[in-house]
Amino acid sequence: MPEASPPPYLSYRNGTIAVCIYLPPKVNSPGIWSNATSPSEILSFSLPLLEMQLLLMFLITHFVYAIFKPLGVTFFASQMFVQTFKNVLFTPGLSLDIVQTIAGFGFSIFLFLMAVKMDAREVLRSTRRAKVIGIVSLLSPMVIGLIVYQSQSDKLCIMERMIGTIIESMTSFSVVAWLLDDLKIGNTELGRLALSSSTVCNMCSICLITFVSLTKHLHESTSNFVKYLGITILFIIFLFVMVRPLMFWIIKETPEGRPVRETHIVIVIMVAIGCSTFTNWFNQSPLLGAFLVGLAIPDGPPLGSALVDKFDCFARGVFLVAFVTTTTMKVNPNKVLSDPEKFNFSIVFVVSTFIAKFLSCFIASFWDMMPLRDASAFSLIMSSKGVVELQYFASYRGIQILSESTFTVLALSILVNATLIPIIVKILYDPVSKKYAGYQKRNLIHLKPDAELRVLACIHGSESARAMIDILDLTCPTKESPNVVYVLHLIELIGRDSPIFIAHQKLDNKVVTCHENILAFNHYSEKNGGLVTVNAFTAISPPKLMHEDICTMALDKQTSLLLLPFHKKWTMDGTVVENENTMIRNLNFSVLHQAPCSIGILVGCGLHNWRRKLMKSSKFCSIGMIFLGGTDDREALVLAKRMARDPKVKLTLIHLIPDQEPVKTVDWDMMLDVEMLKDFKENEVGDGCNITFTQQVSNDGKQTAKFVRSLTADYDLIIIGRRCGLESVQTTGLSEWCEYPELGVIGDLLASMVLDSRVFVLVVQQQLYIY
C-alpha cells in the first residue's frame, strides 16, 4: 500500500499555518501514466501545477473577456474579474507564491517594454498645454487627497497617506497607451495629447514616489537617507552615461533595414534584469531598475521595436494575466465590510481624488478650446487606472505600508474605473470622424513669423523628389524661421503581408544606392548650411493604407504644410504624358479629405530638368499668384509671400475681380480677403520682397480661362488656392468641365496647359478640420 502524501499545509486554531514541503522539492512529474491509479497526484509536483494554473488563468480570462467584450469591457478589467475563480485556481500554501514569483518577473519585463515605448524626451518636447495638464492633473488630486486624509479622525501613518495619495493622483503612460490602443484612438489628436500629458504626469509621479520611498530611511538615520539618495542618483547617471550609449552602439552596428542581432537582444535583456536586481539590493522596487533601463533605450526602430516585437506578446498574454490574477486575489472585501467607518472614508477619498483629477483636466482642456464632449472624454482618459497603479498598491501592501482594508478599497476602485471609463469614452468620442482632426491651427496663416516651418514632403520616385526639393528651395528658410522637412518615400507593398516603416539613419561615410532619393534631400539640407533639417522615412504599405501613414506622420510631427505630387507624370522634355497613376490620384483624394494640416499638390513633377535649365539661365525665378478669395487663396498667398522673401524671386500677385461686384452682405471671409490684400495694394509688404500687385477683370469662366492661358508662358511657378466648393462670377461654368477636382477649377485649367507651357503649378488647400 503506497504511503499517503501529507497535506501541503496544516492549520491550527490560533490562525497559524505550518507549511510542509518535500525535500528534495518535487518539481518535475514522472507523467500522468505513472500515477494512473491517482491522477491528481501529478498536481503535487510544482511545475505541472504551475502550468495548469497558467493555462486555467489564460482560458478563464479569455472566457470572461469574450462575455463582457460586447459591453465594452477591456481585457484588463476581465483579468481582474478572474479572481472570482480563485478557489478553482489555487490551493493555500506554496502554489500562490510560485505563481507570484513568475508573475512578478513577468511584470518587470512588461514594465520594461512599456518604458521602451515611452519617449522620456517627450516631457521636454511637449507643448505648453500638455505640460500644464500633466502637472495640474497630478497636483490637484494630491491636494484634495491630503485634505481628505487630514480630516480623518483616525490618523493613518504618514507614509501610507502620502503613497496612497500620490498613486491615486498619478496618470500612468502605460495605462493610457493601453486604453487608447483598446479604443483605437491612439493616432487621434485627443489620443496624442493624452499620451503627452500622461508622460509628463507619469515622470513627475515616479520622481515623487521614489523620493517619498527614500524618506523612510530618515526614520533610521539621516546618513542612510543620504546614502540611498546618492545611490539612486548615481544609478540614473550610470544609465544615461553608460547604458544609453551602449544602446546607440547596438543601433549603429545594426545595418539599416536589417533586424537587430539576437546577441544584442540578449545583452539588453540581461542589462535590464541586472539593473532590476541592483535596485532591489538598495531597498527599492526591482521594477524601478527595469523601468529606468527601458527609458534609456531609444524608442522605435530598430532596437526598441525589436524588443517589443519579441517579448510584448508573451509578457501581455501570459505574465500580465498571472500578475493581475494573483494580485487581485489579495483583495479581501470581508475585511473592509467589517469596518464600515473606514470603508466609507476610503470611498470618500477615492471619489474626491477622482473628481479633482477629472475637473482639473476638464477645465484645462476646455479652457484651451477643446469641445465639451472631447474634453469630457479626455478627462476620463487622464483619470483612468490600470495595471501600473494596481502594481504600486500591491507592492506597498507587500511591505506593509498600505493596510489590507486600504489596499482592498483601492484595488476595487481600479476595477470599477477600468470597467466604466472605456465604455463612457466610447459613447463620448467618435474616432472615425475625428481620427486626424486637430485642436490646433496647423497652417501657414497662423504660423508665427519666427517659428520654424515644418513640411512633410511625400515622394514616389526620383522625379517627384527632385521637384519637391526645387519647391522647398523656394520657401526661403532663415535663421529666425528655418525649415524642418520630413520626407516620406511611399512604396506600394507587393510580395509580402506586413507593412514596413523605416526611419533612415544619418550614417557617416555610408552611401546606400537604393536610397538615392533620400540622399538628395540630405544634400539639400547640407547645401542650406543649418537652415534646413531633413528627417527621412520610407513607408511600404498597401495603397489603401498609405493615406494613414501620411496623415499620422503629419499629425505626429505637427507639420504646417504637406506636399503631394500630382498623379500625372510627364516625359523629361514635357511634350507628352508618360503615365497617369490612379493609385496616386486616389491617395491624394484621401489625404485632401483627412489631412491634419494644409496641403499643397505639385503639378509638373516630370519637368525638373527643363525647369532647372530655365532657372539657371534667368536671374530671377518668376512666381505668379492668382487670388480670387477664400481660405485656400489666403493660405496660398501666405506661402507665396514667404517665397518672395528670397531676393532671387519675383512675385506677381494677380487679383481676379468681376467688372461689377454683385450686391451682397459683407461677410467675415470677405473682410479677411481685404485685410490680406491691403499690404500688397499699398506696396507695404517689406522684408525686401520683390512683389507686383495687379488686378484683372473677369466676368465669367470663359474670360478667366483665356486669361489664365495667357499667363502660363510668363512664370516659372504659379500658386493658387484649391477653393473646393466655392463658386464665384469669375469661375462660372468652369466646374462643368473640371477633369481634376482635386486641383480646383483654376488648378484644373493650369494642369491641362502644362504640356503646352511647361509651368510648375502648386495648388494649396488650407487645413480643413479644427475642433
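Just so it is clear, glycine is given a Cβ too, placed from its N, Cα and C backbone atoms.
As recorded in TrEMBL, the features of this protein are as follows:
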- 88-428: domain 'Cation/H+ exchanger transmembrane' (DOMAIN)
- 484-608: domain 'Cation/H(+) antiporter central' (DOMAIN)
- 622-766: domain 'Cation/H(+) antiporter C-terminal' (DOMAIN)
- 54-78: transmembrane segment (TRANSMEM)
- 98-118: transmembrane segment (TRANSMEM)
- 130-150: transmembrane segment (TRANSMEM)
- 162-181: transmembrane segment (TRANSMEM)
- 193-214: transmembrane segment (TRANSMEM)
- 226-251: transmembrane segment (TRANSMEM)
- 263-282: transmembrane segment (TRANSMEM)
- 343-367: transmembrane segment (TRANSMEM)
- 407-429: transmembrane segment (TRANSMEM)
Quick one: do the transmembrane segment (98-118) and the transmembrane segment (343-367) have at least 3 Cβ pairs under 8 Å, skipping pairs fewer than 6 apart in sequence?
-> no
Would you kindly list the residues that approach the transmembrane segment (54-78) from elsewhere in its chain, counting only those six or more residues past its ends and only Cβ-Cβ distances under 8 Å?
-> 85, 88-89, 99, 102, 178-179, 182, 317-318, 321-322, 324-325, 386-387, 415, 418-419, 422-423, 426
Run through the domain 'Cation/H(+) antiporter C-terminal' (622-766) and tell me, per DSSP, how many residues are helix, strand and coil.
-> 61 helix, 33 strand, 51 coil
Predicted model, mean pLDDT over the domain 'Cation/H(+) antiporter C-terminal' (622-766) = 81
